[in-house]
Amino acid sequence: MSPQTETKASVGFKAGVKDYKLTYYTPDYETKDTDILAAFRVTPQPGVPPEEAGAAVAAESSTGTWTTVWTDGLTSLDRYKGRCYHIETVIGEENQYIAYVAYPLDLFEEGSVTNMFTSIVGNVFGFKALRALRLEDLRIPTSYSKTFQGPPHGIQVERDKLNKYGRPLLGCTIKPKLGLSAKNYGRAVYECLRGGLDFTKDDENVNSQPFMRWRDRFLFCAEALYKAQAETGEIKGHYLNATAGTCEEMMKRAIFARELGVPIVMHDYLTGGFTANTSLAHYCRDNGLLLHIHRAMHAVIDRQKNHGMHFRVLAKALRMSGGDHIHGGTVVGKLEGEREMTLGFVDLLRDDFIEKDRSRGIFFTQDWVSMPGVIPVASGGIHVWHMPALTEIFGDDSVLQFGGGTLGHPWGNAPGAVANRVALEACVQARNEGRDLAREGNEIIREASKWSPELASACEVWKAIKF
């Protein structure tokens, strides 16, 4: 090959490695309404400038690679590349920054949470230039959110299906979650539902084990809820966990639940995967099933404060993938800051339009347009003394789930359910009469316990429990 030919072939392409910030750090960029925006908490390695770290995140989660490649010339990087458009220091933290990245909409497949996460967080978290990386929030543009079905039914449709209005819903996880036979499990479900609960629940790891195969559990639970419905005159439900080792098996279980005529099924959306969850959500809408979502494995992803993903991102992803309920923490007994953060992502689940509010961890204004909302589920260590606070904090559009707070009643499951229902009805009535639940909550519970021996017994058992 002649020197002249070599020169012509190399025009516009220079091999080698160059700083990411030269291409992917664009502080003058004005974001578009169609961009997906991300807020990353970045902890660079020593000696790596924050601009280079932010640009590296934008590059490695979009079009970039570690070296210049000649095929860059075959496309428009300006059209497809992610851009780090702003960086701010995290107050009170050493060497931590919030890097804001804008992604063009064309980088993502329509209606696929799987593809969105594969692009944004699929590879960049192992990047050497970063000591730690956490995705704090995403802004999903309406042009992208409208490509998703979202929750199978949403809050209003669920209330209409259940014919329950004006109060939070009550639930209970059956315990022990592993080891019961299907018939004994169904008996526990029946006792809770006839006592006044709206729902009972399979726990996250109740699938189809040797001691209780899924089909037997489904049959006995269906018998229990129909019997409880006949006795109480109320519509009842049990979250039948359809999570399985394959999508085909998961769908088989959901189809059987529909054939039984039950109102709701359940899925572990993180361990089951977003593709499986979206498929199940579509089936549930088409076939009139509500879908309860458990967040098993979430703490593996969201517990570290400087690495992983915040739960608000997982909550947004669930609303897009599809689910009518999702566990979201209790707030009760937590620090005020954690309370505000929790209520921030609760609003992201329920509301149509959420304003940016950094004090609540909301980095971007989010407009869900007409996508149905998701009911947050409060569960974990709660009992009748928490009922006023839970009613005030979460409001009517919530599920308050008392596991041990029902099954731990000294008189049994049904009296435990009665105690919770009486406590809830007392709190709702007091609120509607204008009383202050935060200030008068304990007095409201004491007043109700005077005419409910079940509630009085529960109050005595858990009076010294503090969370």
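Cβ atoms here come from the backbone N, Cα and C positions, even for glycine.
Summarising the annotation, Swiss-Prot assigns N-acetylproline to P3. Positions annotated as N6,N6,N6-trimethyllysine by Swiss-Prot: K14. Marked as substrate binding site by Swiss-Prot on the basis of sequence analysis: N123, T173, K177, R295, H327, S379. The active site, proton acceptor annotation in Swiss-Prot covers K175, H294. According to Swiss-Prot, the N6-carboxylysine annotation covers K201, on the basis of sequence analysis. The site 'Transition state stabilizer' annotation in Swiss-Prot covers K334.
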Would you mind pulling the longest C-alpha to C-alpha span across N123, T173, K177, R295, H327, S379, which the record has binding substrate, in angstrom? 37
Would you mind checking how many other C-beta atoms are within 10 angstroms of the C-beta on N123 (substrate binding site)? 11
Cβ atoms other than its own within 10 Å of the Cβ of R295 (substrate binding site), all chains, total 23
Measuring Cα to Cα, how far is T173 (substrate binding site) from K201 (N6-carboxylysine) in Å? 5
Expressed in Å to no decimal places, the gap between the Cα atoms of H294 (active site, proton acceptor) and K201 (N6-carboxylysine) is 10
T173, S379: which of these binding-site residues has the highest Cβ count within 10 Å of its own Cβ? T173
Around the C-beta of H294 (active site, proton acceptor), how many further C-beta atoms are within 10 angstroms, looking at every protein chain? 28
State which of the following recorded positions has the fewest other Cβ atoms within 10 Å around its Cβ: K177, K201, H327. K177
Helix, strand or coil at K175 (active site, proton acceptor) [DSSP, three-state]: coil
CB neighbours within 10 A of K175 (active site, proton acceptor), counting all protein chains shown, number 16
How big is the Cα-to-Cα gap, in Å, between S379 (substrate binding site) and K201 (N6-carboxylysine)? 12
